[in-house]
Amino acid sequence: MKSSTQAVLEHTAIPKHIAVIMDGNGRWAKKRFLPRIMGHKRGLDALENMVKHCAKLGVQYLTVFAFSTENWRRPEDEVSFLMGLFLQALQKQVRRLHENNMRLKILGSRERFNRQILQGIEEAEALTANNTGLTLSIAADYGGRWDILQAANKLIAEGVSEITEDTLAKHLMLGDAPEPDLFIRTGGETRISNFLLWQMAYAELYFTDILWPDFDGKALDDAVASFQKRERRFGRTSEQLPIEQQRN
């Protein structure tokens, strides 16, 4: 049976692109007197459910922050486990994505990944490259400032004499995707932590105290419902918006 929230969502605008910082895995485990790595394992399960629910709602792009450039500073055993979990997801979950016509992209620097992970990334992206369903982008060893810098360096290398917003945007890691409409951060923190700094200029921000492993379909429905109540003006006045976009 559909919830009342789901019924409303089906008849109103769904964000085309959702970006998520999946925060709270460690605290979820700590509350249960479990090692932090167990929180990360449950976090992977939550991501699987998120992908399914986004596809069900009609979301076209889902971009998640899995591992930042700053996360290399974490304890060595935790970083090692996260890399292993990342490889496991690439090897096992990509088949499921492919079977459901979903595309997988990995965003970020690849300089510090080992050969096995690099091979896994290349194979996963190649397998799903021609799929036309939801695009799942996983930001790993990624930072928003790094993204802008690498785009600028590409333009310099190409000999571009004048950098415009359009040319820079096309050289970012998400250059072939629309900018996020909705940004969600779980775990109670209220910052964007160097994630998609350029691309989220006009995203609607949604923060929740729910820890990532507990973020389920209902929680996503609530986030989307909040998005739908907002009036996105992009610098214009309410009166300049089409009637259907104006908030009563």
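Here the Cβ of each residue, glycine as well, is placed from N, Cα and C on the backbone.
Note that the structure is a prediction, hence the values are computed from the model and not measured.
Long-range Cβ contacts of D23 (Mg(2+) binding site) within its own chain (separation 6+, distance under 8 Å): R185, T186, G187, G188, E189, L211, W212. Annotation comment: Swiss-Prot describes D23, E204 as Mg(2+) binding site.
Here Swiss-Prot flags D23 as active site. Reduced to three states, the DSSP call for D23 (Mg(2+) binding site) is coil.
Residues or ranges marked as substrate binding site by Swiss-Prot on the basis of sequence analysis: 24-28, R36, H40, 68-70, W72, R74, R185, 191-193. According to its DSSP assignment, T69 (substrate binding site) is helical.
Residues or ranges marked as active site, proton acceptor in Swiss-Prot: N71. Sequence-distant contacts of N71 (active site, proton acceptor), defined by Cβ-Cβ distance under 8 angstroms and a gap of at least six in the same chain, are V79, L82.
Secondary structure at E204 (Mg(2+) binding site), as computed by DSSP, is strand.
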